[in-house]
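Engineer: Marked as active site by TrEMBL: ASP156, ASP356. As annotated by TrEMBL, domain 'Peptidase A1' applies to 138-473. For 1-23, the entry in TrEMBL reads signal peptide.
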Amino acid sequence: MKCFLYAPFLCLCLLFSLEKSYGFEGRENAENHHSHTIETSSLFPSTSCKSSTKILSNNDTKASLKVVHKHGPCSTLYQDKTIAAPTDKEILLQDQSRVKSIHSRLSNSKTSGGNDVKVIDATTVPAKDGSVIGSGSYIVTVGLGTPQKELSLIIDTGSDITWTQCQPCARSCYKQQEQIFDPSQSTSYTNISCSSPVCSSLTSATGNDPGCDSSTCVYAIQYGDSSFTIGFFGAEKLTLTPTDAFNNIYFGCGQNNQGLFGGSAGILGLGRDNLSVVSQTADKYNKIFSYCLPSSSSSTGFLTFGGSASKNAKFTPLSTSVGPFFYGLDFTGISVGGKKLAISASVFSTAGAIIDSGTVISRLPPAAYSALRASFKKLMSKYPLTKALSILDTCYDFSNYTTISVPKIGFFFSSGIEVDIDVSGVFFASNISQVCLAFAGNSDAKDLLIFGSVQQKTLEVFYDGSAGKVGFAPGGCS
């Protein structure tokens, strides 16, 4: 996710027989109209990969890639034991940094009336080592260069620039699982000159004026508090599938990169700016892409460019009230246990809302979160509460239970649709004695509502940028 620098420098199963079609490894045993009954063991991922039953097809109008959790057994990064997975507290800390940077960016754009841009000196190094990133949990593998090199990139709807670490790593490269990309070994790589209009367009895509080094355009992006990537801006051949390759895709070739990227090689920018992969491939895919984030880190999902939405998808317009940076939504309500909560519509309109693949835990306006928590706790009153986990303040001890009944949660949008959150998107489970409601409240009523990745699990999320709408369908991963 890109953000303005404010530091120096840079479903749900209707019947048991349908459970697999909804992608949740929870083996729901029973379900009434307003709750799920699940086995507590299903709250935790398996140690082995369980691939989706969905067949990823490619044709003239679409290209599909497998999505995996970067720290799960379906990821090649998982096998590299020298790359440590973050703890639950670290994940939530990183997530909070991402949210703060999103809120800061929106706040800066509103107060400055536009881009809060800082001029970047290509030789400057941030004062402190990058340690917090929160750029997202899910990766795809793409090909870059000629001959192509396979790279695992984090998918991020909050980022516009696609980038990867590049040799010779002039300043710093973090540890990644794959061999670092060497542009000198690719016959299709070209640098972008400082005088190019494309170089100038980095200002809107990154929030920073580009730098210049020996007439070559220099980009810089900072994430969260202090993690960053700096390098040359270039053009290269990007291969999505054996039949879908694009020449001269603009990307960042990082020479100075620091942060916890989880061993991935960089980021695949799926944002709304003209420099995102979505925009750069618009001639073929018409700014259409979709994904399904798997139910757990031990299962798989997909990212598809182009194609059409599932027949049962429900659509809502993209909102322009949050500016051009993010995929805005007009959020209107929440239901718990089949009942729509009594929350004033102004609570949601005051905050504004976006959907973001890189934010883990959904953030709600204070009044909305209070109402959700109160209703959820009332319906879960038979289960013992336990201590909070970082930003998650409603946690349960299920040590003495093999099955639990979980209230359904739904989101309402301006088009009148209700999107049911899959049962895999209700909890963030640290261990059996600390399973937490996977929502958090913002501290300020004006802070942006964020529809995060946990709540998006198993949904097919279909972005139609050309038509200005987003669709949701259940059971998307299978």
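Note: Cβ is positioned from N, Cα and C throughout, glycine not excepted.
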Engineer: Distance check, please: Cα of ASP356 (active site) against Cα of ASP156 (active site), rounded to an integer number of angstrom.
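Structural biologist: Answer for this pair: 8 Å between alpha carbons.
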Engineer: As a test of reading the model: what is the averaged pLDDT for the domain 'Peptidase A1' (138-473)?
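Structural biologist: Mean model confidence (pLDDT) across the domain 'Peptidase A1' (138-473) is 95.
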Engineer: Have a look around ASP156 (active site) and count the other CB atoms within 10 A of its CB, chains all included.
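Structural biologist: ASP156 (active site): 26 neighbouring Cβ atoms within 10 Å.
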Engineer: Please give me the CB contact count at 10 A for ASP356 (active site), counting all chains in the structure.
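Structural biologist: Within a 10 Å radius of the Cβ of ASP356 (active site) lie 26 other Cβ atoms.
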